[in-house]
Each structure stands twice: as structure tokens, then as C-alpha cells.
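> Copying in the features that TrEMBL gives for the protein in this structure:
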- 28-56: transmembrane segment (TRANSMEM)
- 126-185: domain 'Potassium channel' (DOMAIN)
- 130-151: transmembrane segment (TRANSMEM)
- 163-181: transmembrane segment (TRANSMEM)
- 217-240: region 'Disordered' (REGION)
- 223-240: compositional bias 'Low complexity' (COMPBIAS)
- 272-294: transmembrane segment (TRANSMEM)
- 282-368: domain 'Potassium channel' (DOMAIN)
- 306-323: transmembrane segment (TRANSMEM)
- 343-365: transmembrane segment (TRANSMEM)
Amino acid sequence: MERKRSTRRHRRYRRPWLKKCREFFRQFIAFLFSNVGIIGLVVGYTIAGSFIFMTIEGKHIPKMKLEVRNNRSLYATRLWNITMKLNSQVMNKEEYMKTMAEELFKYQQVIVNFTRRGYDGTDDDYSAQWSFAGAFLYSLTVITTIGYGNIFPHTPVGKITTIVYAIIGMPLFLLYLSNIGDIMARSFKWVYANCCLCRWCPGVARRRALRKVRREQKLGMDSESGSDGSRGSSEASSESVEINIPIELPGVRDSLGSEALTAYSDEAYENVSVPVTICLAIMVGYICGGALLFCKWEEHWSFLDASYFCFISLSTIGFGDLVPGDKIYGRGTDFYKDVLEVSFVFCSIYLMLGMALIAMCFNLMQEEVIHKIRTTIDTIKYILGCNR
């Protein structure tokens, strides 16, 4: 009996603990898939990817640069041996130039192959491509499907990790764009309704005046129909008289009025449609603003090059012919290392904000186009109904 009681007590103590764990896990999952949770999840996933790829691919860089130094010493020795061999014979300039050109061409091919493997032109083991900022930008280009192509994994483990990372990260980033685009669209509609659709705006004032005239005309028509029908209803009203006494309770009117006002304002904000021209102006302005910053940041970029890079990046085309920091690879100083790190970080922030802004503009333009189509269909139905 005592053992049965102890087991029952143990079960009683165990069940609340399991319920608490389940409730905590349920709330944690719900928070992860909330708006704030998805933002944190995407940022955390990108940061985790940057550490993973920095660890995996960072070990490849010192080995590759050691091979570069060994090949350089090898070809320097070969050039010296060729020079000594020709000096021992009768010096022939044409033969000497031809032999040296062949050896330099072979060395040139070796350097091109190392560059394709990620060689940045420096001898130190540090690589800006696989630093934290470079790995963060690489992780972001993977889940956003931009894929510049200037940074890519070289090891088999890195390639497998990239495949798994992209399979998980791409749906997560699409969910991020969907939620953030919806939040930013609602916020912009609220700002547009309060700032642009004000009572001093001439277009809005004109529309409100037309609504007022239509409302007055409708009230006049209702009053006329009511006066005509009052004759027939006078006999019936003599039999039954209904008295309506307005009863006001303290605080009820204010609460109902505030609730109705908030419901009306929420409905009004939902019905607000932002013009397509404003959405296009926002996207063009963001691209031009980023182009100005990248044009000042990068040494050899013109405004056209920077605008081209911003458009190619935000549209997720990502040719990779222009990449931030690509022109300053190989200078090998601490100053340019810091500049390159900041350039990668700025590009990552610009891409994350810009793609959310593009999603917002597409959401607003979709609502505007649907509103225009519905208005056109209603107008056509009204015209066809009048013709009948």
C-alpha cells in the first residue's frame, strides 16, 4: 500500500511539471513564429551560419596561401635556372624572351586557378571573404537566393553545409518577407492615411465634398418617400402608438462611441489604398539612396554602377560582377581590412531592409491593383445595368 501511495504521489508531482514544459514549449514555438520571433530567428540563423562557414572555410585559406607561396618560390627558382642556363651559352634575346614568356604564362595560369579557389592576392592567413562579416554576407546571399558568386565554398563539407543551410533558410526568409512586408504595409497605410489623406489635401477635400452632397441627396430622397408613406401609415399608427424614450447610462455612451470610433478608424485604415506611383517612388528612392552611399564608399564605382548593383541585388538576380569590397582585395593593410568588414556589414543591412521594403511595396501595389480591378468591374456592371 505504501508503494502504491508513493507512486501515485510521484505521478501527481510529475504531471504538473510535464504540463508546464508543454505549455512553455508551446509558447516558445508561438513566439518563434510571431513577427518579432521570425525577425530574431532570421537574424540568429544568419549569424549562426556565419560562424559555421567561417569555421569550415576559414581553415582552407591558410593551406591555399601556403600552396601559392610554394608555387611562387618554385617558379622563381625555374626562372633563375633558365637565366643561368642561357648565360652559360651565347645570349639570344629572342630565345630568352620566348622562354621567359612561356614560364610566366604558366605561372599566370596557376594564379588564375588559385584566384578561382578564393585567393585574394595577399600572403597573410587572414581572408576578408571568410571573416565574420564576409561569412554573414555569404549566409545572407544563400537564404535570399542572390548568390553573387564571388564567395563560395571550396571544401566538400562547406558545400554540403551550404545545401542543408539553404534548404532550411530559404523558406524561413520567405516567411520573414511575408510577415515583415505585411507589417510595414499596414504601418505605411496608417502613415499615409494620417499624413497624406489629411483634410487640407485638395483631392481628399473634393472627394469629401462629393460624398457630403450625395449623402444630402440621399437623405432628401428618403424624406420624400417617408412623407408619401406617412398618409397610409397614419391609420395604423392611431391603433398602436410606440413611444421611444432615450435612456442614457453614465459611461455607456462614451465607451460605445470610442469602440465605434476605433472600429471605424481600423476599417478606414484597412480600406486605404496607396497609389502605385508612391510605391514606385519609394523603391526608386531606396535604390538611388543606396547608390549614393555605395558610390561614395567604393572607390571605382560610378553612380550608374552603384545603381546597377542595388537593383541587381534587391531583385535577387545577383550577377556578381560588382560586389562591395571587390576592388580593395589584395591591399593587405589593416585599414582596408576594417573598411572591407564595414562594407560587408553595410551591404548586409541594406539587403535585409531593402528586401523587406520591396515586399511592402509589392503588397501595397497588389492591393491597389485589386482595388482598381474591382472598381472597373463594378463600373462596367453599373453601365450595363443602366443600359438595360
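Placement of Cβ uses the backbone N, Cα and C atoms for every residue, glycine included.
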> Please give the average pLDDT for the domain 'Potassium channel' (126-185) in this predicted model.
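Overall, the domain 'Potassium channel' (126-185) comes to a mean pLDDT of 90.
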> How about the transmembrane segment (28-56) and the transmembrane segment (163-181): do they have 3 or more C-beta pairs under 8 A, pairs 6 or more apart in sequence?
yes
> Are the transmembrane segment (306-323) and the transmembrane segment (163-181) near each other by the rule of at least 3 C-beta pairs under 8 angstroms (pairs 6 or more apart)?
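Answer no, regions not in contact.
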> Give the nonlocal contacts of the transmembrane segment (306-323) in its own chain as ranges (CB under 8 Å, at least six residues past its ends).
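For the transmembrane segment (306-323), the sequence-distant neighbours (Cβ-Cβ under 8 Å, at least 6 residues beyond its ends) are 141, 144-150, 286-288, 290-295, 298, 347, 350-351, 354-355, 358.
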> Would you mind listing the long-range same-chain contacts of the transmembrane segment (343-365), meaning Cβ under 8 Å and 6+ residues beyond its ends?
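Same-chain contacts beyond the ends: 46, 128, 131, 133-134, 136-137, 140, 144, 146, 176-178, 180-182, 184-185, 188-189, 273-274, 276, 279-280, 282-283, 286, 290, 293, 297-298, 310, 313-314, 316, 324-325.
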